[in-house]
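*Asks:* Pasting in a structure now, in C-alpha coordinates, and then I'll have a few things to ask.
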(Lines of atoms letter the chains of each structure in order from A and count residues from 1; the text may use other names and numbers.)
(Lines give C-alpha, C1' and ligand atoms only; values in the text may rest on other atoms or scores of the structure.)
Protein backbone atom coordinates (compact mmCIF):
# COMPACT_ATOMS: atom_id res chain seq x y z
CA UNK A 1 0.00 0.00 0.00
CA UNK A 2 1.51 3.34 -1.06
CA UNK A 3 1.67 6.16 1.46
CA UNK A 4 1.36 9.80 0.37
CA UNK A 5 4.27 11.94 1.49
CA UNK A 6 3.23 15.36 2.78
CA UNK A 7 5.80 18.09 2.17
CA UNK A 8 7.12 19.60 5.36
CA UNK A 9 6.75 23.38 5.64
CA UNK A 10 6.55 25.73 8.61
CA UNK A 11 3.95 27.71 6.63
CA UNK A 12 1.57 24.81 6.03
CA UNK A 13 -0.81 25.95 8.76
CA UNK A 14 -0.80 29.69 8.09
CA UNK A 15 -4.32 31.05 8.62
CA UNK A 16 -6.06 34.35 7.99
CA UNK A 17 -7.82 36.24 10.77
CA UNK A 18 -10.02 39.27 9.97
CA UNK A 19 -9.90 42.16 12.42
CA UNK A 20 -12.75 42.84 14.83
CA UNK A 21 -15.27 45.49 13.85
CA UNK A 22 -13.69 48.22 16.00
CA UNK A 23 -10.32 47.63 14.28
CA UNK A 24 -11.77 48.23 10.79
CA UNK A 25 -12.25 51.52 8.95
CA UNK A 26 -16.01 51.92 8.52
CA UNK A 27 -18.08 54.19 6.26
CA UNK A 28 -15.44 54.80 3.61
CA UNK A 29 -16.52 55.35 0.00
CA UNK A 30 -14.23 53.16 -2.09
CA UNK A 31 -13.71 54.28 -5.69
CA UNK A 32 -16.02 52.80 -8.32
CA UNK A 33 -13.44 53.34 -11.08
CA UNK A 34 -12.68 50.26 -13.19
CA UNK A 35 -8.94 49.63 -13.00
CA UNK A 36 -6.82 46.64 -11.95
CA UNK A 37 -4.81 48.17 -9.12
CA UNK A 38 -5.12 47.53 -5.39
CA UNK A 39 -6.76 50.94 -4.64
CA UNK A 40 -5.17 50.73 -1.17
CA UNK A 41 -1.66 51.34 0.19
CA UNK A 42 -0.45 50.91 3.77
CA UNK A 43 2.73 51.34 5.80
CA UNK A 44 3.55 51.29 9.54
CA UNK A 45 2.09 54.81 9.95
CA UNK A 46 -0.83 55.23 7.56
CA UNK A 47 -3.61 53.54 5.62
CA UNK A 48 -4.54 55.16 2.28
CA UNK A 49 -7.35 54.22 -0.09
CA UNK A 50 -8.72 55.66 -3.32
CA UNK A 51 -12.23 56.94 -2.72
CA UNK A 52 -15.18 58.35 -4.61
CA UNK A 53 -15.00 62.12 -4.94
CA UNK A 54 -17.05 64.70 -6.77
CA UNK A 55 -15.29 67.14 -9.07
CA UNK A 56 -11.99 65.30 -9.41
CA UNK A 57 -9.83 62.56 -7.97
CA UNK A 58 -9.17 62.02 -4.28
CA UNK A 59 -7.83 59.52 -1.81
CA UNK A 60 -8.18 59.11 1.92
CA UNK A 61 -5.20 58.92 4.30
CA UNK A 62 -5.71 57.92 7.94
CA UNK A 63 -3.23 57.20 10.75
CA UNK A 64 -3.08 53.42 11.05
CA UNK A 65 -4.57 53.39 14.54
CA UNK A 66 -7.50 55.69 13.70
CA UNK A 67 -9.99 52.86 13.17
CA UNK A 68 -13.75 52.85 13.57
CA UNK A 69 -16.30 54.96 11.75
CA UNK A 70 -14.75 57.52 9.39
CA UNK A 71 -16.44 60.93 9.49
CA UNK A 72 -18.06 61.94 6.20
CA UNK A 73 -16.25 65.30 6.42
CA UNK A 74 -12.83 63.73 6.86
CA UNK A 75 -10.20 65.73 4.93
CA UNK A 76 -8.97 64.10 1.71
CA UNK A 77 -5.94 64.39 -0.55
CA UNK A 78 -7.69 66.01 -3.48
CA UNK A 79 -5.33 67.76 -5.89
CA UNK A 80 -6.05 65.68 -9.00
CA UNK A 81 -8.67 66.90 -11.48
CA UNK A 82 -9.75 63.37 -12.54
CA UNK A 83 -10.04 59.99 -10.76
CA UNK A 84 -6.96 58.57 -9.04
CA UNK A 85 -5.98 55.12 -10.36
CA UNK A 86 -2.99 54.08 -8.24
CA UNK A 87 -1.23 55.11 -5.02
CA UNK A 88 2.09 53.97 -3.49
CA UNK A 89 3.90 54.86 -0.26
CA UNK A 90 7.59 55.67 -0.52
CA UNK A 91 9.58 52.75 1.02
CA UNK A 92 12.13 55.21 2.46
CA UNK A 93 9.78 57.82 3.92
CA UNK A 94 6.53 56.72 5.56
CA UNK A 95 5.06 60.22 5.20
CA UNK A 96 5.43 60.43 1.41
CA UNK A 97 2.92 58.95 -1.04
CA UNK A 98 2.69 59.09 -4.85
CA UNK A 99 -0.52 59.04 -6.88
CA UNK A 100 -1.28 58.49 -10.57
CA UNK A 101 -4.46 59.79 -12.15
CA UNK A 102 -6.66 59.99 -15.21
CA UNK A 103 -5.58 63.65 -15.44
CA UNK A 104 -2.25 62.37 -16.90
CA UNK A 105 -0.16 63.53 -13.93
CA UNK A 106 1.77 61.94 -11.09
CA UNK A 107 1.71 63.82 -7.79
CA UNK A 108 3.90 63.31 -4.74
CA UNK A 109 2.43 64.26 -1.35
CA UNK A 110 3.77 64.68 2.18
CA UNK A 111 1.43 63.65 5.02
CA UNK A 112 2.02 65.08 8.53
CA UNK A 113 2.58 62.55 11.32
CA UNK A 114 -0.83 63.00 12.92
CA UNK A 115 -2.71 62.80 9.62
CA UNK A 116 -4.66 65.53 7.82
CA UNK A 117 -6.77 68.17 9.58
CA UNK A 118 -7.64 70.02 6.35
CA UNK A 119 -7.97 68.83 2.74
CA UNK A 120 -4.56 68.54 1.08
CA UNK A 121 -4.60 70.09 -2.39
CA UNK A 122 -1.01 71.11 -3.00
CA UNK A 123 1.44 68.26 -3.71
CA UNK A 124 5.12 68.55 -2.92
CA UNK A 125 5.68 68.18 -6.65
CA UNK A 126 3.67 67.44 -9.79
CA UNK A 127 5.31 65.21 -12.41
CA UNK A 128 4.01 65.89 -15.91
CA UNK A 129 5.11 63.85 -18.91
CA UNK A 130 2.37 61.39 -19.82
CA UNK A 131 -0.17 62.18 -22.52
CA UNK A 132 -2.81 59.72 -21.28
CA UNK A 133 -4.00 58.54 -17.88
CA UNK A 134 -1.40 57.22 -15.43
CA UNK A 135 -2.41 53.79 -14.10
CA UNK A 136 0.73 52.60 -12.29
CA UNK A 137 3.14 54.23 -9.83
CA UNK A 138 5.98 52.25 -8.21
CA UNK A 139 8.90 53.47 -6.08
CA UNK A 140 12.41 52.10 -6.58
CA UNK A 141 13.02 49.64 -3.71
CA UNK A 142 16.55 50.78 -2.79
CA UNK A 143 17.36 54.13 -4.47
CA UNK A 144 16.16 57.34 -2.84
CA UNK A 145 13.52 59.47 -4.59
CA UNK A 146 13.32 57.30 -7.73
CA UNK A 147 9.74 56.77 -8.89
CA UNK A 148 8.37 54.88 -11.90
CA UNK A 149 5.09 55.67 -13.62
CA UNK A 150 3.31 53.85 -16.45
CA UNK A 151 0.57 55.45 -18.51
CA UNK A 152 -2.03 54.42 -21.05
CA UNK A 153 0.15 56.21 -23.61
CA UNK A 154 2.21 52.96 -23.46
CA UNK A 155 5.12 54.89 -21.93
CA UNK A 156 7.10 54.17 -18.75
CA UNK A 157 8.82 57.16 -17.16
CA UNK A 158 11.37 56.98 -14.35
CA UNK A 159 11.51 60.18 -12.29
CA UNK A 160 14.04 61.73 -9.96
CA UNK A 161 11.53 63.16 -7.50
CA UNK A 162 14.22 65.37 -5.98
CA UNK A 163 14.49 67.37 -9.20
CA UNK A 164 11.09 66.63 -10.79
CA UNK A 165 12.81 65.43 -13.97
CA UNK A 166 11.94 62.36 -16.03
CA UNK A 167 15.40 60.77 -16.18
CA UNK A 168 14.50 57.62 -18.15
CA UNK A 169 11.86 56.91 -20.80
CA UNK A 170 10.68 53.58 -22.20
CA UNK A 171 8.51 54.52 -25.15
CA UNK A 172 5.87 52.76 -27.29
CA UNK A 173 8.67 50.98 -29.17
CA UNK A 174 9.10 48.81 -26.03
CA UNK A 175 5.39 48.43 -25.19
CA UNK A 176 3.15 48.84 -28.25
CA UNK A 177 -0.05 48.55 -26.18
CA UNK A 178 -1.49 49.14 -22.69
CA UNK A 179 0.83 48.21 -19.81
CA UNK A 180 -0.98 46.02 -17.27
CA UNK A 181 1.68 45.71 -14.55
CA UNK A 182 5.21 46.81 -13.63
CA UNK A 183 7.39 45.40 -10.84
CA UNK A 184 10.95 46.25 -9.71
CA UNK A 185 13.45 43.51 -8.91
CA UNK A 186 14.59 43.39 -5.27
CA UNK A 187 17.77 45.39 -5.99
CA UNK A 188 16.06 47.67 -8.52
CA UNK A 189 18.34 46.67 -11.40
CA UNK A 190 15.47 45.34 -13.56
CA UNK A 191 11.75 45.72 -14.05
CA UNK A 192 9.29 43.14 -15.33
CA UNK A 193 6.20 44.23 -17.21
CA UNK A 194 3.06 42.70 -18.66
CA UNK A 195 1.35 44.24 -21.66
CA UNK A 196 -1.84 43.98 -23.68
CA UNK A 197 0.24 42.63 -26.58
CA UNK A 198 0.31 39.38 -24.51
CA UNK A 199 4.04 39.61 -23.73
CA UNK A 200 5.88 39.65 -20.42
CA UNK A 201 9.21 41.50 -20.57
CA UNK A 202 12.22 41.79 -18.28
CA UNK A 203 13.83 45.18 -18.91
CA UNK A 204 17.03 46.96 -17.87
CA UNK A 205 15.50 50.46 -17.53
CA UNK A 206 18.78 52.42 -17.51
CA UNK A 207 19.79 50.93 -20.87
CA UNK A 208 16.26 50.69 -22.23
CA UNK A 209 16.90 47.10 -23.32
CA UNK A 210 14.65 44.05 -23.07
CA UNK A 211 16.81 41.29 -21.53
CA UNK A 212 14.13 38.56 -21.60
CA UNK A 213 10.70 38.22 -23.16
CA UNK A 214 7.89 35.67 -23.13
CA UNK A 215 5.07 35.70 -25.66
CA UNK A 216 1.73 34.43 -24.34
CA UNK A 217 2.65 33.20 -20.85
CA UNK A 218 -1.10 32.55 -20.59
CA UNK A 219 -3.25 31.79 -23.64
CA UNK A 220 -6.31 33.79 -22.57
CA UNK A 221 -7.20 37.30 -23.67
CA UNK A 222 -7.65 38.85 -20.21
CA UNK A 223 -4.91 40.86 -18.42
CA UNK A 224 -1.72 39.21 -17.15
CA UNK A 225 0.16 40.44 -14.07
CA UNK A 226 3.82 39.66 -13.38
CA UNK A 227 6.10 40.07 -10.34
CA UNK A 228 9.69 39.17 -9.53
CA UNK A 229 10.12 36.43 -6.96
CA UNK A 230 13.23 34.72 -5.60
CA UNK A 231 16.39 33.63 -7.45
CA UNK A 232 15.80 35.24 -10.84
CA UNK A 233 12.27 33.94 -11.26
CA UNK A 234 9.04 35.72 -12.14
CA UNK A 235 5.49 34.73 -11.28
CA UNK A 236 2.58 35.50 -13.58
CA UNK A 237 -1.19 35.36 -13.17
CA UNK A 238 -3.53 35.16 -16.14
CA UNK A 239 -6.17 33.12 -17.93
CA UNK A 240 -6.23 30.00 -20.08
CA UNK A 241 -7.88 29.82 -23.49
CA UNK A 242 -10.95 28.43 -21.68
CA UNK A 243 -10.97 31.45 -19.30
CA UNK A 244 -9.65 29.49 -16.33
CA UNK A 245 -7.49 31.53 -13.98
CA UNK A 246 -3.86 30.40 -13.83
CA UNK A 247 -0.67 31.07 -11.90
CA UNK A 248 2.73 30.25 -13.43
CA UNK A 249 6.37 30.39 -12.30
CA UNK A 250 9.16 31.14 -14.80
CA UNK A 251 12.94 31.14 -14.86
CA UNK A 252 13.95 34.39 -16.58
CA UNK A 253 16.92 32.63 -18.24
CA UNK A 254 14.73 29.88 -19.74
CA UNK A 255 11.31 31.26 -20.62
CA UNK A 256 10.40 28.55 -23.13
CA UNK A 257 8.40 26.51 -20.59
CA UNK A 258 7.11 27.41 -17.11
CA UNK A 259 8.68 25.80 -14.05
CA UNK A 260 5.13 25.38 -12.77
CA UNK A 261 1.66 26.13 -14.15
CA UNK A 262 -1.46 25.67 -12.05
CA UNK A 263 -5.11 26.23 -12.91
CA UNK A 264 -7.23 27.70 -10.13
CA UNK A 265 -10.88 28.38 -11.04
CA UNK A 266 -13.13 30.06 -13.60
CA UNK A 267 -13.72 33.39 -11.85
CA UNK A 268 -13.32 36.51 -13.97
CA UNK A 269 -11.39 38.79 -11.59
CA UNK A 270 -7.75 39.58 -12.37
CA UNK A 271 -5.42 38.10 -9.72
CA UNK A 272 -3.08 40.61 -8.04
CA UNK A 273 0.10 38.88 -6.75
CA UNK A 274 1.92 40.01 -3.58
CA UNK A 275 5.33 38.41 -2.92
CA UNK A 276 7.10 38.24 0.45
CA UNK A 277 10.85 37.68 -0.14
CA UNK A 278 11.45 36.88 3.55
CA UNK A 279 9.22 33.79 3.55
CA UNK A 280 9.06 33.08 -0.21
CA UNK A 281 5.27 33.12 0.00
CA UNK A 282 3.17 34.66 -2.76
CA UNK A 283 -0.41 35.73 -2.06
CA UNK A 284 -3.01 35.98 -4.84
CA UNK A 285 -5.92 38.38 -4.36
CA UNK A 286 -8.57 38.75 -7.04
CA UNK A 287 -10.72 41.87 -7.37
CA UNK A 288 -14.29 40.70 -6.99
CA UNK A 289 -13.15 37.56 -5.14
CA UNK A 290 -13.82 36.79 -1.50
CA UNK A 291 -10.60 34.82 -0.97
CA UNK A 292 -6.81 35.08 -0.70
CA UNK A 293 -4.79 32.09 -1.95
CA UNK A 294 -1.19 31.61 -0.91
CA UNK A 295 1.67 29.52 -2.27
CA UNK A 296 5.23 28.79 -1.16
CA UNK A 297 8.04 29.02 -3.72
CA UNK A 298 11.01 26.66 -3.34
CA UNK A 299 14.23 26.10 -5.30
CA UNK A 300 13.38 22.47 -6.15
CA UNK A 301 10.63 20.93 -8.28
CA UNK A 302 7.70 21.36 -8.32
CA UNK A 303 8.77 24.90 -7.21
CA UNK A 304 5.26 26.31 -6.54
CA UNK A 305 3.41 24.72 -3.60
CA UNK A 306 -0.18 25.54 -2.73
CA UNK A 307 -0.52 26.24 1.01
CA UNK A 308 -4.10 27.27 1.72
CA UNK A 309 -6.84 29.81 1.11
CA UNK A 310 -8.46 32.43 3.32
CA UNK A 311 -12.15 32.91 2.48
CA UNK A 312 -14.79 35.34 3.65
CA UNK A 313 -18.36 36.17 2.69
CA UNK A 314 -17.93 39.59 1.10
CA UNK A 315 -16.02 40.23 -2.11
CA UNK A 316 -13.04 42.58 -2.22
CA UNK A 317 -12.87 45.78 -4.27
CA UNK A 318 -9.16 46.20 -3.67
CA UNK A 319 -6.30 45.19 -1.40
CA UNK A 320 -3.42 46.79 0.49
CA UNK A 321 -0.32 44.93 1.70
CA UNK A 322 1.64 45.93 4.80
CA UNK A 323 5.48 45.96 4.64
CA UNK A 324 7.07 43.43 7.00
CA UNK A 325 8.27 46.11 9.44
CA UNK A 326 4.64 47.03 10.16
CA UNK A 327 3.63 43.57 11.45
CA UNK A 328 3.12 42.33 15.02
CA UNK A 329 5.99 39.86 15.43
CA UNK A 330 4.93 38.87 18.96
CA UNK A 331 1.78 37.38 17.42
CA UNK A 332 3.67 35.47 14.68
CA UNK A 333 1.99 37.61 12.03
CA UNK A 334 3.80 37.08 8.70
CA UNK A 335 1.56 39.23 6.48
CA UNK A 336 -1.32 41.67 6.80
CA UNK A 337 -3.77 42.67 4.11
CA UNK A 338 -6.21 45.56 4.06
CA UNK A 339 -9.30 44.38 2.23
CA UNK A 340 -11.55 47.00 0.64
CA UNK A 341 -15.28 46.37 0.80
CA UNK A 342 -17.80 48.74 -0.74
CA UNK A 343 -17.99 50.81 2.48
CA UNK A 344 -15.24 49.40 4.68
CA UNK A 345 -11.52 48.61 4.91
CA UNK A 346 -10.85 45.41 6.87
CA UNK A 347 -7.38 44.31 8.08
CA UNK A 348 -6.67 40.58 7.69
CA UNK A 349 -3.70 39.10 9.60
CA UNK A 350 -1.93 36.01 8.20
CA UNK A 351 -0.50 34.12 11.17
CA UNK A 352 1.69 31.07 11.79
CA UNK A 353 0.32 29.19 14.83
CA UNK A 354 3.04 28.91 17.50
CA UNK A 355 2.71 28.08 21.20
CA UNK A 356 5.55 30.32 22.36
CA UNK A 357 5.19 34.11 22.43
CA UNK A 358 8.98 34.55 22.14
CA UNK A 359 10.46 36.07 18.98
CA UNK A 360 10.47 33.41 16.24
CA UNK A 361 13.76 33.94 14.39
CA UNK A 362 12.91 31.39 11.68
CA UNK A 363 9.82 33.41 10.72
CA UNK A 364 11.52 36.80 10.73
CA UNK A 365 14.91 36.96 9.00
CA UNK A 366 16.40 40.46 8.62
CA UNK A 367 14.00 42.44 6.43
CA UNK A 368 14.08 45.58 4.29
CA UNK A 369 14.39 48.68 6.45
CA UNK A 370 13.34 52.28 5.75
CA UNK A 371 16.77 53.63 4.75
CA UNK A 372 17.75 53.81 1.05
CA UNK A 373 20.89 51.98 -0.04
CA UNK A 374 21.64 54.38 -2.92
CA UNK A 375 21.04 57.94 -4.02
CA UNK A 376 19.22 58.57 -7.28
CA UNK A 377 22.50 59.72 -8.83
CA UNK A 378 24.31 56.51 -7.81
CA UNK A 379 21.59 54.30 -9.28
CA UNK A 380 21.41 56.31 -12.50
CA UNK A 381 25.21 56.04 -12.69
CA UNK A 382 24.98 52.24 -12.86
CA UNK A 383 25.23 51.10 -9.24
CA UNK A 384 22.90 48.46 -7.80
CA UNK A 385 22.36 47.44 -4.18
CA UNK A 386 19.95 45.27 -2.27
CA UNK A 387 17.83 46.76 0.51
CA UNK A 388 19.47 47.69 3.83
CA UNK A 389 18.20 45.06 6.26
CA UNK A 390 16.99 45.47 9.83
CA UNK A 391 16.09 43.00 12.59
CA UNK A 392 12.54 42.90 13.93
CA UNK A 393 13.56 41.14 17.17
CA UNK A 394 12.88 44.19 19.34
CA UNK A 395 9.94 45.33 17.24
CA UNK A 396 9.90 48.28 14.85
CA UNK A 397 9.08 51.86 15.76
CA UNK A 398 8.48 54.17 12.77
CA UNK A 399 10.80 57.20 12.84
CA UNK A 400 9.45 60.73 12.93
CA UNK A 401 8.67 62.31 9.59
CA UNK A 402 11.60 63.10 7.33
CA UNK A 403 11.34 66.15 5.12
CA UNK A 404 11.16 65.42 1.40
CA UNK A 405 13.64 67.81 -0.20
CA UNK A 406 12.62 68.81 -3.70
CA UNK A 407 14.20 71.27 -6.11
CA UNK A 408 11.10 73.25 -6.98
CA UNK A 409 12.71 75.11 -9.87
CA UNK A 410 11.06 72.92 -12.48
CA UNK A 411 7.67 72.86 -10.74
CA UNK A 412 7.73 76.61 -10.07
CA UNK A 413 8.58 77.34 -13.69
CA UNK A 414 5.50 75.42 -14.79
CA UNK A 415 3.33 77.32 -12.34
CA UNK A 416 4.74 80.69 -13.45
CA UNK A 417 3.85 79.80 -17.04
CA UNK A 418 0.15 80.03 -16.08
CA UNK A 419 -0.04 82.80 -13.46
CA UNK A 420 -3.20 83.74 -11.67
CA UNK A 421 -4.20 87.41 -11.94
CA UNK A 422 -3.15 89.43 -8.93
CA UNK A 423 -5.62 91.29 -6.75
CA UNK A 424 -8.96 89.49 -6.65
CA UNK A 425 -8.56 85.75 -5.92
CA UNK A 426 -9.86 83.33 -8.52
CA UNK A 427 -13.27 81.69 -8.10
CA UNK A 428 -11.49 78.34 -7.70
CA UNK A 429 -9.44 79.71 -4.78
CA UNK A 430 -12.55 81.19 -3.15
CA UNK A 431 -14.49 77.92 -3.45
CA UNK A 432 -11.59 76.00 -1.90
CA UNK A 433 -11.43 78.44 1.03
CA UNK A 434 -15.19 78.18 1.50
CA UNK A 435 -14.97 74.38 1.60
CA UNK A 436 -12.16 74.59 4.17
CA UNK A 437 -14.31 76.88 6.33
CA UNK A 438 -17.27 74.46 6.07
CA UNK A 439 -15.06 71.55 7.13
CA UNK A 440 -13.69 73.53 10.08
CA UNK A 441 -17.23 74.49 11.13
CA UNK A 442 -18.26 70.83 11.02
CA UNK A 443 -15.29 69.87 13.20
CA UNK A 444 -16.07 72.66 15.71
CA UNK A 445 -19.72 71.60 15.84
CA UNK A 446 -18.81 67.98 16.59
CA UNK A 447 -16.40 69.07 19.33
CA UNK A 448 -19.13 71.26 20.83
CA UNK A 449 -21.57 68.33 20.82
CA UNK A 450 -18.99 66.17 22.62
CA UNK A 451 -18.47 68.91 25.24
CA UNK A 452 -22.24 69.19 25.78
CA UNK A 453 -22.51 65.43 26.30
CA UNK A 454 -19.60 65.46 28.76
CA UNK A 455 -21.21 68.31 30.73
CA UNK A 456 -24.50 66.41 30.91
CA UNK A 457 -22.67 63.31 32.15
CA UNK A 458 -20.83 65.29 34.85
CA UNK A 459 -24.04 67.03 36.00
CA UNK A 460 -25.88 63.70 36.15
CA UNK A 461 -23.26 62.38 38.56
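Just so it is clear, glycine is given a Cβ too, placed from its N, Cα and C backbone atoms.
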*Asks:* Looking at phosphoserine as annotated by Swiss-Prot, pick the matching residue from 8, 31, 312, 412.
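*Replies:* Record says 412.
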*Asks:* Out of 315, 422, 431, which one does Swiss-Prot list as phosphoserine?
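*Replies:* The residue tagged phosphoserine by Swiss-Prot is 422.
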*Asks:* Which residue does Swiss-Prot record as phosphothreonine, given the choices 418, 424?
*Replies:* 418
*Asks:* Where else in the chain does the repeat 'WD 2' (73-110) make close Cβ contacts, counting only residues six or more beyond its ends and a cut-off under 8 Å?
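*Replies:* Long-range Cβ neighbours of the repeat 'WD 2' (73-110): 31, 33, 35, 37-46, 48, 50-51, 53, 56-62, 116-128, 130-139, 141, 144, 147, 149, 151, 159, 161, 323, 368, 370-372, 398-399, 401-404, 406, 439, 442-443.
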